[in-house]
Amino acid sequence: DDCLGIFKSCNPDNDKCCESYKCSRRDKWCKYVL
């Protein structure tokens, strides 16, 4: 499956963001995490 890049909308309960990204519960999009 394709992963979701930065600023892509996402579901925090089913996080499909790319590696190094995390789905923000507040904003509902993929944010970069260090």
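Note that Cβ sites are derived from N, Cα and C of the backbone, with glycine treated the same way.
As written in Swiss-Prot, here are the features:
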- CYS3-CYS18: disulfide bond (DISULFID)
- CYS10-CYS23: disulfide bond (DISULFID)
- CYS17-CYS30: disulfide bond (DISULFID)
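Structure coloured by features recorded in Swiss-Prot.
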{"residue": "CYS3", "record": "disulfide bond", "DSSP class": "coil"}
{"residue": "CYS10", "record": "disulfide bond", "DSSP class": "coil"}
{"residue": "CYS17", "record": "disulfide bond", "DSSP class": "strand"}
{"residue": "CYS23", "record": "disulfide bond", "DSSP class": "strand"}
{"residue": "CYS30", "record": "disulfide bond", "DSSP class": "strand"}
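In this structure, the CA atom of CYS30 (disulfide bond) is 7 Å away from the CA atom of CYS10 (disulfide bond). Around CYS23 (disulfide bond), the same-chain residues at least 6 positions away in sequence with a Cβ under 8 Å from its Cβ are LEU4, CYS10, ASN11, PRO12, ASP15, LYS16, CYS17, TRP29, CYS30, LYS31. Look at the disulfide-bonded residues CYS3, CYS10 and count other Cβ atoms within 10 Å of each Cβ; CYS3 has the fewest. A 10 Å cutoff on Cβ-Cβ distances gives CYS18 (disulfide bond) a total of 14 other Cβ atoms nearby, all chains included.
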